[in-house]
Each structure stands twice: as C-alpha cells, then as structure tokens.
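Asks: So TrEMBL lists the following for this protein:
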ACT_SITE  His175  active site, proton acceptor
BINDING   Gly7, Ala8, Gly9, Ala10, Val11, Gly12, Asp32, Asn95, Val118, Ser119, Asn120  NAD(+) binding site
BINDING   Arg82, Arg88, Asn120, Arg151  substrate binding site
DOMAIN    1-142  domain 'Lactate/malate dehydrogenase N-terminal'
DOMAIN    147-301  domain 'Lactate/malate dehydrogenase C-terminal'
Amino acid sequence: MKVTIVGAGAVGASCAEYVAIKNFASEVVLLDIKEGYAEGKAMDLMQTATLNGFDTKITGSTNDYSKTADSDIAVITSGIPRKPGMTREELIGINAGIVKEVSSNLIKHSPNVTLIVVSNPMDTMTYLVHKTTGLPKNKIIGMGGALDSARFKYRLSEALECPPSDVDGMVIGGHSDTGMVPLTRLATRNSVPVTAFLSEDRLNQVSEDTKVGGATLTKLLGTSAWYAPGAAVSGLVQAIACDQKKMFPCSALLDGEYGLSDLCIGVPAILGKDGLEKIVELQLDDAEKAKMKESAEGVKKTNGLLDV
Ligand SMILES: NC(=O)C1=CN([C@@H]2O[C@H](COP(=O)(O)OP(=O)(O)OC[C@H]3O[C@@H](n4cnc5c(N)ncnc54)[C@H](O)[C@@H]3O)[C@@H](O)[C@H]2O)C=CC1
Ligand SMILES: O=C([O-])CC(=O)C(=O)O
C-alpha cells in the first residue's frame with residue numbers, strides 16, 4: 001500500500017507521522033515544492049521508526065512526481081494556511097491553482113489513485129478536483145468533517161466533564177466557520193443522548209465553539225492547526241487502505257442526496273477499498289435541513305469564484 005502526501009508542511013508531516021505509526025502502509029512518499037524540505041521531513045520521521053516501532057518506509061521528493069508512481073492513495077495538503085483573522089475562503093486565490101496542478105500531476109503517475117483533498121477552502125477544492133480531473137466520483141474525497149467531529153466530541157466531553165472516548169457525535173455541512181452543522185440531537189454519551197445531560201444553551205455553546213474550532217486554534221498558534229487535522233486524514237487513509245467500511249463525514253460530490261446537487265459538502269460516508277463507497281442519508285429534522293441548505297448556499301457561493 002503506497003500513500004503519497006503532497007505538501008510536507010505542518011498537516012502533511014503530521015499525517016505522514018500518524019500513517020506511519022499506525023503501521024498499515026508499506027510506503028509513504030512526501031512531496032513538496034520547497035527544495036529538500038520533503039526529504040528532510042522524511043528523514044526526520046524515518047529516524048523515529050525504531051523509537052515508535054513502525055516499518056513504513058518514508059521517502060521525500062522535491063516536486064518529482066515519478067517518485068509517487070502507482071500510489072494507491074494520495075493526500076493533497078499543498079497550499080497556504082490561513083493567518084489569524086482570515087477565513088478559509090480567502091485562500092482560494094492561491095490554493096485553487098496549486099490544487100489543480102498537483103491533482104493533475106498525481107493522476108498522470110497514478111491513474112487509479114484515490115485522492116483525499118485537505119487544502120482550503122476544502123469543499124471548494126474538492127469540487128475543483130472533481131471538475132478538472134475526470135476521476136470517478138468515489139475516488140475524490142474531501143477531509144473536514146472527520147476533524148470537525150473530533151473537535152465536536154472534545155467540546156462535548158468538556159461540557160459533560162467526561163473523557164472524549166465516552167462521546168460520539170458528528171458534524172456535517174461545509175468545512176467553514178459558519179457552515180458546519182454539529183448534530184447535537186444525535187450525539188450521545190455511551191448511547192444516552194447528550195440532550196439528557198446538557199441544556200439547550202450549553203449545547204448551543206458547544207456547537208458554536210465547534211464551528212470556530214479552526215479559527216480558535218489559528219488565533220492561538222498564528223497559523224492553522226496540524227495534529228488533529230493530520231490524525232483525521234490518517235483515519236480516512238487507513239479506512240480506505242484497510243477496507244474498513246468505516247463511516248466518516250466527508251466532503252462528497254452530491255447528486256440529489258440531502259436535496260443537494262453539483263457541490264461537495266460534508267455528509268456521512270462509508271470508506272473502503274473503493275474510496276467513498278456510499279453516502280449515508282440521515283433523516284434530518286427541519287432545523288437541521290435548514291442549516292444544511294444554508295451551508296450549501298455558502299459553499300456554492302465560494303465555488304462560484306472558481307474558473308471551471
Ligand atoms: N481540511 C481541513 O480540515 C484542514 C485543512 N488545512 C489546510 O491544509 C493546507 C496546508 O496547511 P499546513 O500544512 O498548515 O500549511 P504549511 O504551509 O505548513 O504546508 C503547506 C506546504 O505546501 C507546500 N506547497 C505549496 N505549493 C506546493 C506545490 N505546488 N506543490 C507541492 N507542495 C506545495 C509548501 O511548500 C508547504 O510546505 C492549508 O490550505 C490549510 O488551510 C489545514 C488543516 C485542516
Ligand atoms: O482553520 C483552518 O484554517 C484549518 C482548518 O481547516 C482547520 O483546522 O479546521
């Protein structure tokens with residue numbers, strides 16, 4: 001199982017580290033445009049192999065896509081991250097060109113690859129890859145909801161004063177400060193609805209904190225987050241590589257599901273060896289449906305800025 005990660009920056013390197021530590025891939029190739037950078041990150045990570053007990057071979061490449069040939073899965077993290085005060089949408093001008101070029105280069109060397117898009121604004125970048133590559137739609141997946149759901153569970157565990165592992169929950173919708181739809185109605189603590197423990201006000205606070213999760217970290221760090229993003233991507237990679245049939249909210253190209261078409265947005269999906277194998281349609285209540293519709297309008301507005 002060969003995994004390529006384009007962009008050896010904060011998220012790409014974190015993803016490579018988690019993939020290696022989970023020890024399911026034979027090979028990880030890190031590729032970056034910055035001379036020597038991916039090679040350096042790969043060597044540093046390889047020197048953790050005996051410390052962390054993994055056998056995955058990690059190599060680096062400065063923009064040489066021949067090294068990525070025959071990848072099964074490729075992750076696109078290349079592009080610029082936001083700075084405090086910015087929205088993800090503001091990154092479109094620079095990142096669209098990068099994502100378009102990188103996805104085309106990847107496919108030239110790995111025509112059967114499954115692509116996981118991470119660069120922001122992620123839903124729009126995923127849509128761009130669908131529009132420009134011609135890959136089947138199950139082979140292009142946007143990562144956002146897995147991360148947003150992890151942050152949601154973290155915020156719920158804070159409110160419940162319990163370990164995060166006690167909590168289950170999901171965030172669907174667009175991966176933006178205003179577009180996320182945390183499904184508080186369906187969240188549970190050990191199968192008991194969290195609504196049994198937390199007031200509506202407290203749950204609203206949890207939702208709001210979740211939605212600005214990325215912005216909160218960007219303000220603290222001066223750039224956007226990488227540990228949880230890298231871990232979330234590695235979860236998607238593992239589900240595909242190991243044919244796990246796990247369900248994650250992913251940015252998927254919709255064709256009527258949830259009453260939406262011609263956009264990529266976060267919905268629950270089953271991931272396995274064929275990539276995004278199935279979109280799961282939840283029965284949303286009226287308030288959730290309205291939030292999803294509004295979120296989709298936001299994503300479509302950003303898609304409108306693309307030259308496709
Ligand atoms: N979807 C999500 O949930 C998340 C998305 N992100 C996004 O991921 C992207 C990467 O974030 P970071 O890793 O923090 O940024 P970073 O700046 O640390 O790393 C980005 C890397 O991409 C490389 N790069 C730029 N153009 C390239 C090209 N044409 N080919 C190959 N490499 C190229 C840069 O040299 C740099 O090393 C950003 O757009 C960020 O907004 C970040 C966190 C979560
Ligand atoms: O906040 C950002 O810009 C990066 C990102 O998508 C996240 O951490 O959720």
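Backbone N, Cα and C atoms are what each Cβ position is placed from, and that goes for glycine too.
In TrEMBL, annotation is done automatically, which means it is predicted and not curated.
Burial and contacts for the listed features, if you can.
Replies: According to its DSSP assignment, His175 (active site, proton acceptor) is coil.
The C-beta environment of Asn120 (NAD(+) binding site), restricted to residues of the same chain at least 6 apart in sequence and closer than 8 Å, consists of Gly79, Pro81, Arg82, Arg88, Leu91, Asn95, His175.
DSSP assigns Arg151 (substrate binding site) to a helix.
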Asks: Please list the binding-site residues from Gly9, Arg82, Arg88, Val118, Asn120, Arg151 whose Cβ falls under 6 Å of any atom in ligand 2.
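Replies: Checked binding-site residues vs ligand 2; flagged Arg82, Arg88, Asn120.
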Asks: Which binding-site residues, if any, among Gly9, Val11, Asp32, Val118, Arg151 have a Cβ under 6 Å from ligand 1, given in order along the chain?
Replies: Gly9, Val11, Asp32, Val118
Asks: For the C-alpha pair, I'd like the distance in angstrom between Asp32 (NAD(+) binding site) and Arg151 (substrate binding site), rounded off.
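Replies: Their Cα atoms are separated by 28 Å.
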Asks: Treating G and I as helix alongside H, and B as strand alongside E, what does DSSP give for the domain 'Lactate/malate dehydrogenase N-terminal' (1-142) in helix, strand and coil?
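Replies: Secondary-structure composition of the domain 'Lactate/malate dehydrogenase N-terminal' (1-142): 68 helix, 28 strand, 46 coil.
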Asks: Taking each of the recorded positions Arg82, Arg88, His175 in turn and counting other Cβ atoms within 10 Å of its Cβ, which one has the fewest?
Replies: Arg82
Asks: Enumerate same-chain residues with a sequence separation of six or more from Gly7 (NAD(+) binding site) and a Cβ-Cβ distance below 8 A; give 'none' if the list is empty.
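Replies: Residues satisfying the criterion: Leu31, Asp32, Ile76, Thr77, Ser78, Gly79, Val118, Ser119.
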